[in-house]
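Working notes, structure below.
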């Protein structure tokens, strides 16, 4: 990506250095790894769609380092859309099915690994979604991208929402997919979620054993795979889920601990809320709570026969909803009180 212009840093962070080509991540040496093979395949899909991997190294206080890995078009973006992934593997595992449709619609996806996922990391002690938002914004500054839309899935929606609140001059529109930004810590004790406390949530979302992966898959998919051999699950954990376990656990504690709806800012950008009808991780109550919180500036679309992983098990429908939303004229983006639903292949 040539000729990166000089830009002002995001508040609280020094100016980033220009993006660098990202070296391939080292994987544990095994005779054959299904997870590593799939990771290579997904990277190839990003390359074939015209995106390239870069690293943006953000200057940090002495003795510390913060690096954001991302995929982006090699030329300046036309209509940039920042895609933020949720908990799980790297960004390639969650966004590969969306690239060609977004590009065909005239949208240029910029796809970072959030800190402590994929190849993004930091030695700074901060763990809040505010720190994630500030860091990703600094990386966008380093790319010379000043205005963009944000699409966030689950945890990525928390980061995207915070970016919209912190940088209203930069974030044009927001799409939140299965993202319970309106949750409160007291909801756990009240039984709204399948976990009773933050510690159990960390065991669920940062699995270390095959049994925990099985439980997570069964909660997030309406139709989970009928057979999940321990060999493949151990391989996935070793290859894609063994990095930054402590940091990811701390991210969850920071996200949920003492969280209150009264502390959540009300963003002003037009916001599309997409939710799986059978979401067991973030129940539909949170979708309606978020719609009420945002008021006329938001719209809720419910995807039928989908759970928390609607972006994966209904990727074509969710992608179409997102593309259609971004192709609407600015004057019609905010449609207060308008709701929709999406059946298999249906309109919303």
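Cβ coordinates come from backbone N, Cα and C, glycine included.
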Which of these ranges is annotated region 'Disordered' in TrEMBL: 1-24, 25-48?
1-24
Can you give me the average pLDDT across the domain 'AB hydrolase-1' (80-314), rounded to a whole number?
94
